[in-house]
Amino acid sequence: MGGAAVEQGPGGVKAPDGGWGWAVLVGCFVITGFSYAFPKAVSVFFKELIREFDVGYSDTAWISSILLAMLYGSGPLCSVLVNRFGCRPVMLVGGVLASLGMILASFSTSIIHIYLSTGVITGLGLALNFQPSLIMLNRYFSEKRPLANGLSAAGSPVALCCLSPLGQVLQYQYGWRGSFLILGGILLNCCVCAALMRPLVAPKTLKSKELEQDNEEEEAEKKKPKAKLLDFSVFKDRSFVIYTVAASIMVLGLFVPPVFVVSYAKELGNEDTKSALLLSILGFIDMFARPTCGLIAGMKWVRPRCVYLFSFAMIFNGITDLIGSQANDYTTLVIFCIFFGLSYGMVGALQFEVLMAIVGTERFSSAIGLVLLMEAIAVLVGPPAAGRLLDATHNYMWIFLLAGCEVVLAAVVLATCNFLFIKKEPSASADKLENITVTEECSKGPDVNDEEEKGAREEQEKETKEELKEKEEMDKEKEERIRPASLIVDSQEVEKFLKEPTQNGDMANSPETSL
């Protein structure tokens, strides 16, 4: 999942859709894996933390909730910092903070210390890496953006498949304190990923043109108002408001099953290693679901209707939670993890791809920060509320039912409101606008047509000017051809005149006529 603020390329450089973008994609893949897998992988240590600090399930669930809340709630802050300082410096600072938080957590003496270190400091560090890394991804890819989003989002399940068993092994070997210390060292790789985020540079062929246009651009920039670090005008877009409300409802239940599925398996009497394997199964399916869904979303017919594919993915995920609530043995939990991984991967690949299509590149910087801020409230409430419900009922069925209902409700809100309130303009044809979703076509259709008409007029004017130039050149060529011919005719007449015998013999014999 993911998307982020978008930096303006130098001189309006077009997204290369490849090249160094693949290196940026690798860095984004790793950062996305750390950002979304860590809150789930930490759940492996919940049993030990409960024994160590004598707390309940709801208390330990706050660790994952604070991590996710910082990841989401720091969205506006990340947008401002990136627009002010750039991607690479922000990511370097974030990598140091993420590592420092886990190292400090290894010396904790109470659950509050873990909230502050793992939850706040590490969560903030991951947030400062997550958004800027996807900023660059959105800049480097345009036509291949759905596929790039799907591949980068696949970092989450891959990291989950690795971190969950690794955490279990580290816990047996070094305890939860030693494990946190080692995980802090692993998070320093975020700084390596930051080094891959090379800003886009204009090609050499464009540099000469840019030098000629420097004076004009400087004058234009002086006249233009300064760019806003955080643009709240996105809330005037009806499609953006609908998306934000639906996404906030979805997040209430989306992360609950991965947080509690390991404890659910242990409650049924399964071994710790066997229970942790469920997250690996979930992550393995999720790993292939995200790129596949990205390929589907990039198809010509599907991309303009991506919002409805996103709604289907949420309904699929919610129904999986509702059915999985009836699991009563390890086999049914494995089946649940398979279908949940498939639906969760679809949601992860489409969530921010839909947002990118709705608001566009220019406003995406502010839009992603504001959406994550709204979702942070839901993330902060969801897992702890499920933990409180578990403490009251001592039955995992109810938390899975609640999570499923919340995700299904989000899908209904998004699809219904988009269909009823975002009506498509008749002048804007969705088949021609391949890179725009249905909601964007509806809100921006007339503007697109005006731009197309202006472009067509400019092209016609250029064609007429070129035709006039061609006619002038043809006329000049004709004149040049005619002029030498006339000179030849005149010389021939003179020669004939001189060769003809004159009637006056005196004139013929005179030296002047002979000359």
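Along the chain as shown, residues are numbered 1 onward.
Backbone N, Cα and C atoms are what each Cβ position is placed from, and that goes for glycine too.
Feature annotations, reproduced from TrEMBL:
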- 20-38: transmembrane segment (TRANSMEM)
- 21-422: domain 'Major facilitator superfamily (MFS) profile' (DOMAIN)
- 61-82: transmembrane segment (TRANSMEM)
- 89-108: transmembrane segment (TRANSMEM)
- 114-135: transmembrane segment (TRANSMEM)
- 147-167: transmembrane segment (TRANSMEM)
- 179-201: transmembrane segment (TRANSMEM)
- 240-265: transmembrane segment (TRANSMEM)
- 277-299: transmembrane segment (TRANSMEM)
- 306-324: transmembrane segment (TRANSMEM)
- 330-352: transmembrane segment (TRANSMEM)
- 364-386: transmembrane segment (TRANSMEM)
- 398-422: transmembrane segment (TRANSMEM)
- 441-515: region 'Disordered' (REGION)
- 454-483: compositional bias 'Basic and acidic residues' (COMPBIAS)
- 501-515: compositional bias 'Polar residues' (COMPBIAS)
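Counted as Cβ pairs under 8 Å, contacts with the transmembrane segment (277-299) are highest for 306-324 among 61-82, 89-108, 306-324. Annotation: stretch 20-38 has the most Cβ pairs under 8 Å to the transmembrane segment (179-201), among 20-38, 61-82, 240-265.
Sequence-distant neighbours of the transmembrane segment (306-324) (same chain, 6+ residues past either end, Cβ-Cβ under 8 Å): 146, 243, 250, 253-254, 256-257, 293, 296-297, 332-333, 336, 339-340, 342-344, 346-347, 350-351, 353-354, 357-358, 400-401, 403-412, 414-415, 418, 437-439.
Each of 20-38, 89-108, 398-422 was scored by its Cβ pairs under 8 Å to the transmembrane segment (147-167), and the highest score goes to 20-38.
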